[in-house]
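Here TrEMBL flags 3-447 as domain 'Major facilitator superfamily (MFS) profile'. Taken from TrEMBL, the feature transmembrane segment covers 50-71, 83-103, 109-130, 142-161, 173-194, 260-282, 302-319, 326-348, 354-374, 395-416, 422-440.
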Amino acid sequence: MVALVGVLGSSLPAGYNLGVLNTPEAILREFVHSSISQRGLVLSESQLNILWSCVVSVFLIGAMIGSCCAGWTANKIGRRPTLLLNSAIGLLSAALFAMARIACSVEMIILGRLLAGVFSGIGSSVGPMYMMESGPSNLRGALGVLQQLGLCVGILIAQILGQKEILGNATNWPILLSVYSCFIAVGLLILLFCPESPAYLYIKMGEYDKAFKELEKLRGFPAALLHGDVVLLRTERKMNESCSTWTITRVFKDPLVRKPLFSVCIMHIGQQLCGINAVIYYSTSTFLKIGMTYTQSQYGSIGAGLANVVMAFVSVPLVNSCQRRILILVSICSVACSLIILTISMALQSVSPALSYVIIISSLCFVLGYGIGLGPLPYMIGSELFHQGPRATGMGLGCLANWSANFIVALTFPLLQQLLDQYVFLIFATFTVFLGIYLYKYLPETKDMNPVDLSSLFQSPLCEEKL
């Protein structure tokens with residue numbers, strides 16, 4: 001039930017909003033133009049482009065705002081109440097989309113996108129944290145990567161429903177933009193029957209009896225039989241006694257927290273600077289360049305999204321059984337090689353048409369490589385690197401770094417593609433290589449390690465020298 005809350009109530013709607021504007025862009029741009037024209041205003045093509053850019057990018061701005069608020073809210077009112085409040089924000093954003101055409105208001109779409117971004121920013125931080133704090137230690141890796149699974153499924157659903165024959169048309173686009181509210185409503189209904197995080201109650205609030213009752217609900221056994229969970233809670237409680245309030249300033253000043261924070265933020269930034277959004281969202285235009293028809297290129301994009309979903313499913317047992325360092329490094333090597341092959345194939349495609357197949361294969365290999373490490377691990381690694389005290393703040397800052405990097409890529413990629421054409425993918429390959437070097441040197445293995453072990457690792461002279 002907790003996993004369903006995290007996926008249906010947070011990550012899937014976030015992924016849906018990430019991908020929903022791509023297919024019906026022309027229809028929505030026409031609505032934006034007509035909404036302004038009915039007020040007696042005439043927009044030039046450049047002004048319309050600027051307004052449309054605001055509609056698209058305000059989602060990412062909202063996500064950054066949500067990420068900034070996530071840690072404070074999760075510590076102040078709790079994990080579960082934060083998710084309840086976040087569900088209300090998500091439902092409000094969907095209501096604005098549903099009523100926008102009736103009101104003929106582009107402002108309602110912009111406000112809806114902003115609130116959907118806030119919802120996604122909070123959910124991407126608090127959702128994985130709630131799942132991993134609630135889950136047993138042997139399943140926390142699998143629970144942590146469900147965030148990426150929800151995002152991938154949400155993007156794929158948006159790609160499918162956005163087809164002109166389904167909801168991506170002039171009649172049904174308000175339904176297309178707001179249908180994710182159904183997932184939020186189901187997640188909210190399940191959340192009403194879920195307990196609060198025992199770790200939050202025991203370590204942050206000092207409500208020991210209530211924490212044990214919630215733990216018994218989650219595990220189905222009396223607390224007296226849950227020796228491993230109880231010992232971990234008491235150990236983390238002792239670690240947190242030195243500082244009960246973990247502000248952003250405190251997180252940056254504490255050397256034992258600052259070091260894992262850098263690793264988490266760099267992983268989040270690397271997830272975006274590897275070029276996943278450019279490859280997925282611009283796959284339609286890429287396939288058009290190699291001679292596919294528009295319909296074929298759309299189905300090709302859906303195929304890439306489906307491959308992303310398949311790998312997200314595969315990553316659940318992989319992360320639960322494999323070492324984190326091996327997965328992330330294999331993922332980085334696969335992504336970097338795929339980007340280089342993709343660039344070379346696109347550059348030489350006019351010389352040999354057969355390279356069109358290499359372009360398709362390298363794009364799919366990129367998605368597959370991304371799915372085993374770079375996709376899922378950044379969202380869950382923070383729950384393993386941070387102990388309970390700074391966890392909410394640290395994971396919120398990590399998600400802020402992620403959405404900020406996403407915003408930068410969305411803002412600069414069209415211009416860079418215009419200037420460099422296919423060679424723009426070499427920039428992403430370069431960032432990916434540097435990410436691999438950094439993580440190889442500084443990222444510790446977190447599988448089957450508790451925060452106490454990791455804290456002592458970050459205290460070691462070797463780690464001190466490197467970090």
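Cβ coordinates are placed from backbone N, Cα and C, and glycine is handled just like the others.
At the 8 Å Cβ threshold, with sequence separation of at least 6, the transmembrane segment (354-374) comes into contact with the transmembrane segment (260-282) through 3 or more pairs. Remote same-chain residues near the transmembrane segment (50-71) are listed as 14, 17-18, 21, 25, 28-29, 32, 36, 43, 82, 106, 109-110, 113-126, 248, 392-397, 399-400, 402-404, 406-407, 410-411 (criterion: CB distance under 8 Å, separation of at least six residues from the stretch ends).
The domain 'Major facilitator superfamily (MFS) profile' (3-447) scores a mean pLDDT of 87 in the predicted structure. In this chain, the transmembrane segment (422-440) does not touch the transmembrane segment (142-161); fewer than three CB pairs sit within less than 8 A of each other, excluding pairs fewer than 6 residues apart. When Cβ-Cβ distances below 8 Å are used as the criterion, the transmembrane segment (422-440) is approached by residues 263, 266-267, 270, 273-275, 278-279, 325, 328-329, 332-333, 335-336, 339-340, 342-343, 346-347, 413, 416 of the same chain, each at least six residues removed from its ends. If you look at the transmembrane segment (260-282), the same-chain residues 6 or more away from its ends with a CB under 8 A from one of its CBs are 19, 22, 155, 251-252, 301, 304-305, 308, 328, 332, 335, 339, 342, 363, 366-367, 370, 374-375, 377-378, 381-382, 385-386, 390, 394-395, 397-399, 401-402, 404-406, 408-410, 413, 417, 424-425, 427-429, 431-432, 435, 438-439, 442-443, 454, 458, 467.
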